[in-house]
Amino acid sequence: MVIFLSACGQHQKKVESAANSTLQTYYDMNIGLEDSEANPQDYSKVFAADQRPKNVILLIGDGMGINQIMVTRQRFYGVDGKLFMESMPFSALINTHAALNDNITDSAAGATAMATGKKTRNGMLGVTADTLPTENLIEKCKRVAMSTGLITYGKLSGATPGAFASHVASRDMKGDISYQMLQTNFDFLFGDSEDFWGTTSDGKAVNRAFAESLGFHILENKNQLNESTDDKILALLSPLVMEDESIESGKVVINPLAPTLSDVTKKAMNHLTKNPKGFFLMVEEDWIDSWGHDNRPDFVTWHVRHLDEAVQAALNFALSNNETLVIVTADHETGGLTNIEVGDTTGVLRLNYSTDEHTGQPVPLFAFGPGANRFMGILDNTDIFRIISDLLALPDSE
């Protein structure tokens, strides 16, 4: 599929042509017109090589490869612009293959590698390829009395957050994922409530009463979240993204009751930083992957920028805090997106999708803060767990 993006109007235009007996799809879209943040502030601050962070914020763009970042930059800020994540001083490429020589990972195996340092089979969460539970970063942080949080602009019982909070043989075991997540004693949880409430595989109810019995205060809109001073926050609403309305209107439509990813990240950081022992926070933008499966670069780039706004919030927190490591990466790339031509004067981006599934492309990682210098070169996704564990001096796995 070949897709053209050009600066020829406020709304995208889609045209299909059967030229050369191959169906081609073209999109017209603004390029480089929104340049207010094209040159982010300087995040090149140098920390001592041996300085360790007290806090870690890991931001994950589900399905976000290098080209998704590049096209987002060119769409919104032009070729000379820059995303906030691109301004971070240290970077690496991350290999993402799953266990047993499976070159193409899914979100479950990819996130499990980051959360536990262990490769697993696609579809599994928090377990080895032999289905043995393996301790994750959240559990390690809790053992040293750190605060913890999970944020996703997707289903809270989805694969990426589930890898940081559960140990199940299948990502489809939604009730078990939710049950284990609530029992993990998080301080802050945010996500789409779809599939969250239900029943475990052995018949335990996962409902509001169960969550409240564990001390969670359940919040259901952005106003409640903004005003909350509760110790344990479970913020759930559905949907976060109005999918049908987005497709019909040709632009991403967010539930008016939902906060932005940046706003949730700010709330979580301010909530978690009260703990003198430090905190670990995972933030995911899930819709980069969802729209990538549909080969919708107009929507994909909107969500990459949505994530980048949360990156900006995290970086500004880290700049003022001086004890926070910020990491931005992805679990895998979706769609095989490539930019095969840039028009010299027309502002046209010619894009090609090679698939509507995941690919085995390495994904980027960007880092800022104490310990960021550890993320350089070619790394494996399991190295993320290893390096974070070392920097936070977390105990060995039980």
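Backbone N, Cα and C atoms are what each Cβ position is placed from, and that goes for glycine too.
Residues Asp289, His293, Asp331, His332 are given by TrEMBL as Zn(2+) binders; from Asp62, Asp80, Asp102, that same site also lists Asp62. Same-chain neighbours of the Zn(2+) site beyond Asp62, Asp289, His293, Asp331, His332, judged by a C-beta within 8 angstroms of the site's C-beta center, are, in sequence order, Gly63, Met64, Asp106, Ser107, Gly110, Asp286, Ile288, Gly292, Ala330, Glu333, Thr334, His358. When the recorded positions Ser107, Thr160, Glu284 are ranked by how far their Cα is from the Cα of His293 (Zn(2+) binding site), Ser107 comes first. When the alpha carbons of Glu284 (Mg(2+) binding site) and Ser107 (active site, phosphoserine intermediate) are compared, the span between them is 11 angstrom. Asp331 (Zn(2+) binding site) and Thr160 (Mg(2+) binding site) are 8 Å apart (CA-CA, integer value). A strand conformation is recorded for Glu284 (Mg(2+) binding site) in the three-state DSSP classification.
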